[in-house]
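Over in TrEMBL, the protein carries these features:
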- 9-27: transmembrane segment (TRANSMEM)
- 20-457: domain 'Citrate transporter-like' (DOMAIN)
- 33-52: transmembrane segment (TRANSMEM)
- 59-79: transmembrane segment (TRANSMEM)
- 180-204: transmembrane segment (TRANSMEM)
- 319-349: transmembrane segment (TRANSMEM)
- 361-380: transmembrane segment (TRANSMEM)
- 401-427: transmembrane segment (TRANSMEM)
- 447-471: transmembrane segment (TRANSMEM)
- 491-509: transmembrane segment (TRANSMEM)
């Protein structure tokens with residue numbers, strides 16, 4: 001493709017630079033409007049400058065990508081409600097043998113969950129828990145946070161639903177879910193293993209610090225003492241976080257009951273706001289409830305059992321729907337409509353107003369993608385990407401080791417300069433066309449190389465992926481004591497890790 005007229009080249013480049021600055025530095029002082037607004041601004045400038053027409057702008061928006069993103073967000077919400085991520089936390093902490101064991105578990109659990117539920121979701125859910133177990137073990141959270149973010153990035157490379165750039169690649173290339181998984185899975189597994197080894201080697205001394213049990217228990221909120229005695233019963237409130245929290249409910253012993261006089265018993269009964277609340281106070285041995293008739297107590301138990309049965313049934317149905325979605329994806333059915341169908345089935349099964357779920361959808365991310373699609377399409381219309389690729393293409397052919405190395409370097413640099421999704425949009429079709437001229441299998445391999453390198457490139461620097469920023473920001477804001485993950489400390493680990501893992505993974509990818 002030849003260069004567009006000079007006016008379009010200059011104005012289109014200006015619009016793309018504005019988009020890039022706001023995407024990489026959303027709080028830039030001269031225009032702190034954020035990534036989403038920056039993407040829309042870039043798209044609007046492309047149209048105002050007549051680099052592309054409004055019709056071409058609407059056509060540039062890939063609805064299949066937006067549908068798949070929306071569907072996976074809804075599915076992730078219901079998975080969280082069903083307690084899936086709580087089970088992951090249990091696996092992380094069950095019979096732990098120390099900090100090194102925990103680091104290994106975090107790496108592999110993070111990689112697995114990000115492949116199925118996207119890397120961003122994994123990092124949002126697990127960051128707080130990672131900080132908690134670091135405090136409990138009396139070690140710096142630094143290696144654990146790096147393990148979470150880096151393994152989430154590497155693990156997400158294995159599936160089309162692992163991260164946004166993989167969604168784009170899978171839909172543009174037409175590679176099925178199963179073939180995508182088989183093509184990158186060996187690289188992902190070895191990459192996670194190598195990433196874990198690098199973390200252990202770099203932070204062995206930090207992870208060797210022995211746990212201070214006293215300080216750990218002092219910092220663990222769940223082990224704080226709870227007051228539940230006859231002295232506080234006369235003013236108990238079942239909603240009180242100290243004495244009556246339903247999650248930390250304590251039972252009265254028979255001796256405590258015997259020590260209460262008739263007046264104290266009546267005072268206790270009258271102080272409880274309602275019979276339903278009184279029913280929460282249960283004697284340790286037996287089903288006698290203070291101030292509640294046996295019939296009411298039995299009805300209370302029946303309602304609880306009925307609620308538990310409904311809850312278990314709903315959770316079982318949720319897991320079955322997710323399993324069905326994964327099977328449908330492996331069978332090669334349309335990924336967007338499969339995710340949307342699973343999402344709507346879960347909404348119907350929930351049998352409640354869907355607004356709490358829909359409120360959790362990141363509409364700003366969807367709008368960001370719309371603006372980005374238009375901006376990148378406008379930049380492509382200037383002819384600059386095609387001209388640059390024409391110069392690089394003879395040296396970046398994937399039928400030789402030198403060509404793969406040059407292509408990987410180009411993708412690594414662009415992914416950290418322009419972000420990974422715009423890099424995929426700019427290079428995808430061109431890299432695939434170049435490889436397709438060699439053979440059909442080489443074309444598929446080119447797409448997989450692009451997916452692998454653009455994803456692992458997120459580990460290079462703190463700004464390389466959204467997952468890194470999510471972990472960094474959540475750790476900084478965590479209470480009671482936050483932790484700051486700086487750019488340079490991340491780069492110290494990210495640079496060698498990215499280079500080694502990228503190289504090993506490239507050797508294992510097959511078309």
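Just so you know, glycine gets a Cβ as well, placed from its N, Cα and C.
If one looks beyond the transmembrane segment (33-52) by at least 6 residues along the same chain, the residues whose Cβ comes under 8 Å of a Cβ in the stretch are 4, 8, 11-12, 14-16, 18-19, 21-23, 26-27, 60, 364-365, 367-372, 374-375, 377-379, 381-382. Each residue in the domain 'Citrate transporter-like' (20-457) has a pLDDT score, and their mean in this model is 78. Across the candidate stretches 9-27, 180-204, 361-380, the maximum count of CB pairs under 8 A to the transmembrane segment (447-471) is reached by 180-204. Ranking 9-27, 59-79, 180-204 by CB pairs under 8 A with the transmembrane segment (361-380) puts 59-79 at the top.
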